[in-house]
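Participant: What follows is a structure written as structure tokens; I'll ask about it next.
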Amino acid sequence: MKQNSNKQTSPPASQPLFPNLEDSLDHIRTLMGDSSDLVIRSLMIHKTSAAVIYMDGLVDNNSVQNFILEALMLEMPSKRQSSHHLYLSIKEKALPIGETEEIESYTDLFDKLLSGETILLLEKQTKALAASTKGWRDRGVQETTSESVIRGPKEAFTETLRTNTALIRRKIKDSNLRIEAKKIGNKTHTDVAIVYLEGTAETDVIEELNRRLDQIDIDGVLESGYLEEFMQDAQYSPFPTVYNSEKPDAIAGGILEGRVAIITDGTPNVLLVPALFVNFMQSSEDYYQRADISTLIRMLRLFCFFVALFMPSLYIAFTTFHQEMIPPPLLINLAAQREGVPFPALVEALMMELTFEILREAGVRLPKPVGSAVSIVGALVLGQSAVQAGLVSPAMVIVVAITAISSFVFPSYNLAISIRMLRFPLMILAATFGLYGIILGMIALVLHLCSLTSFGKPYMSPFAPFIPKDQKDVLVRFPHWGLLSRPSSLTKKDQKRVDSTSKES
Amino acid sequence: MDNQTISPRQFMFLVILFTIGSSIIIVPGPLAAQAKQDAWLSITISLLIGLTLILFYNHMAKLMEGKTFVQATIMVFGNWFGRFILFFYLSFLFILAALVLRNIGDFMTTEIIPETPLQFTHILFLIVVIWGAYLGLEVMGRSAEMFMPWVFLLLLFFTITLAPQINVENLQPFLGEGFMPVLSTSTFVIGTPLLEMVTFLMIFPYVKDAKTKRKAWVLGVFIGGMILTLITLLCLLVLGSDLTALNTFPSYKLAQKINIAGFLEGLEIVIGIIWMLTIFFKMVVLYYAVSVGVAQFLTMDDHRPLLLPLGMGMIVLSIIAYPDVAYFETFVGDTWFPYAFTHGFILPAFVWIGLIIKSKRDKKQKDLSSHS
């Protein structure tokens, strides 16, 4: 489908190479519109004219000079040869470069040229050589900024696909690790790699993923978010059904669990499917810390999930409808605080939540030096002035603060986003129906969660459907010698993980 | 309808929640009024009778050979007479669902949100129920699995926090009123929820694994019944039989008694949450059974178009079903058992006889055809 559309948009490019070198070069120049970064170096090899073509900035200048130009201009044997023989000898002997390929059509030629390879054209030849000289400025492997850990590898993926696949290969040195390539985007031709362990990942999932990716017909893919929206199961759900991470160890861990990673060129965020609800509550660090503290932290996250989701609505419900359920001393305190506040609890809560959302969004966008100024203003406005001005009660400030902090506990940002959004309908339910509304909202939420699937896997497994065997690595984390099998909610194949005799008792 | 199936475990959880739902509100009061301190005994007796009833339903489900009650009845009695019987069966489920809805509405408007009008309470609840029935049986089963641990944990919490206030003297004298009141009130629990189990004849065919699902049904009713016994026993032990009988919602009153070190008070919401969860599942099972039943009655492919129209009818019915709680108490005490017995036992028994005759005849025909 993608190739068809390619043909439609640029029909002349798909034709075979012209035998005449000048024609060929003209053709390339016209199609590129005399682009200023196109470099065409014409040269003569024993009276056969040839041309070396590359894109300035996408290639590694050193290797083009040392291994291609030098080889062709200085080191060719001086014996006169026919053009065809010359071509063969260059192909087989002359180019000291790891990866070379033959190309026969202009589609291929532009594909290679624009992804940073160097093309060698010879007079009277309908084949050309493409030598891999890719080398552009990239960021290099750096420390992760969005998912920091205390213990565990600090490196993060980069914007370059090849670096990213290498980062995974370095962790999983198994010949069964498959890296399949795809190109998506009619204009951007973005490289996408599908990475999985053959024999561990389920073939159904891989087929389904390939089907969904092949279906995509879009002009450009600039980030993995484009792909995520095309291939996620639940389009109209606040909950994410595709996991993403920029930590190679998290992705490698997912691959070992039988999941499939999708690396997109140009972004450090790598996708992982299928993604279950529990995956968003787990961090790769859980597996590096000791089992007991990991278990406790997982419980804490679950608690924070409820706090972040329900705290403001519970506050509204209790202060508006169910004062009798608050212990009397606390009730007196709360009532005294709310005495001077002119708004109903819902308005108060909405106001504070909105202020906080604004502050948070501003904090992300602002340049670093200004950021601290905003946090001071935020803290003063939120914590002090609003209370002193009698706009909100101090208890409300506490509620909003604990809610906000709780929503930062989750290792994955996507889940925090869905909680942020769902908080507001729950607050409205609480303001209209009290606890009754909150509980019904919660039931509806669970119904919705249970109806979701991610690549055929029930989103709430291993809770619903309940899989006793998988409970070892959900709320609690068993020590590694106890994690005997892979989570069967993710893959049914190659279940064995740890030999039960491997720990001396 | 759309080939969704649930596992025996999910089915068992649904049965447990169905058994507790709404009975947990209605059962302790009237029982304590008549059987006094032996109310818990009458639940245990009725539970035994109920288990044999489930064995009967199980046998019936076996004869139905993977068909729902509606499909089986039409198969046995033909298009017209079959539908005549089914009219009663489906109306029973529909009325039961409306009454259950009213139960939660009554409870909410009396105890938790007194200022909200009844109809809005009902509408909000029913919207969520319709959402559940729309998503289908699979989702219902999974959410039952999600909520079951919560219900158990809350019950455990409830039991432990009430433990200090237990007064064993409340149960004495054992059989002080004689055995008759105990026996006569046991019909009450048979009426609700045990005879209501006939609803599951609409869902049973969609449960996987023929062998364990029978066991799951019996076990589910047993566990649900034990929880009911536990709640009633706690009511009697803490409140005493008189207070239990006087209160409209004795188990809610019971939760108000929780007091730990003077600061953990007002935890009646715990029992409120258990009620809402269990009643939700009772409603959603009933509602699903009704809509699937009506869809099969009308030979429709999908039950989803029926969900909203049925819901509108149910809202109205639930409001006009009875004028006040006093009326309801007599209704539940006197009228419900005969009504439930006719529709939950006599009617299925009638179909059962039909099924037996039909299966014998089929066998004979098979023999004849194989001989010839």
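Cβ atoms are placed via backbone N, Cα and C, with glycine included.
Got these off TrEMBL a minute ago, pasting:
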type	residues	note
TRANSMEM	B:12-33	transmembrane segment
TRANSMEM	B:39-59	transmembrane segment
TRANSMEM	B:80-100	transmembrane segment
TRANSMEM	B:120-140	transmembrane segment
TRANSMEM	B:147-166	transmembrane segment
TRANSMEM	B:178-204	transmembrane segment
TRANSMEM	B:216-239	transmembrane segment
TRANSMEM	B:269-294	transmembrane segment
TRANSMEM	B:306-324	transmembrane segment
TRANSMEM	B:336-357	transmembrane segment
Participant: Taking the transmembrane segment (B:147-166) as the first stretch and the transmembrane segment (B:336-357) as the second, find out whether 3 or more Cβ pairs fall under 8 Å, excluding pairs closer than 6 in sequence.
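Facilitator: Judged by the Cβ rule, the two regions do not touch, with the required three close pairs absent.
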Participant: Is it the case that the transmembrane segment (B:39-59) and the transmembrane segment (B:80-100) touch, counting contact as three or more CB pairs under 8 Å in which the residues of each pair are 6 or more positions apart?
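Facilitator: Contact between the transmembrane segment (B:80-100) and the transmembrane segment (B:39-59): absent, because fewer than 3 Cβ pairs are under 8 Å.
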Participant: Would you say the transmembrane segment (B:216-239) and the transmembrane segment (B:80-100) are touching, if the rule is that at least three C-beta pairs must lie under 8 angstroms and be 6 or more residues apart?
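Facilitator: Result for the transmembrane segment (B:80-100) with the transmembrane segment (B:216-239) is no.
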Participant: In the same chain, which residue numbers or ranges, 6 or more beyond the ends of the transmembrane segment (B:178-204), come under 8 angstroms Cβ to Cβ?
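Facilitator: Same-chain residues near the transmembrane segment (B:178-204) but 6 or more away: 11, 14-15, 18-23, 26-27, 30-31, 34-36, 38-39, 41-43, 45-47, 49-50, 53-54, 57, 60-61, 64, 68-70, 89, 92-93, 96, 137, 213, 217, 221, 224-225, 228, 282, 285-286, 288-289, 292-293, 332-333, 336-337, 339-341, 343-345, 348.
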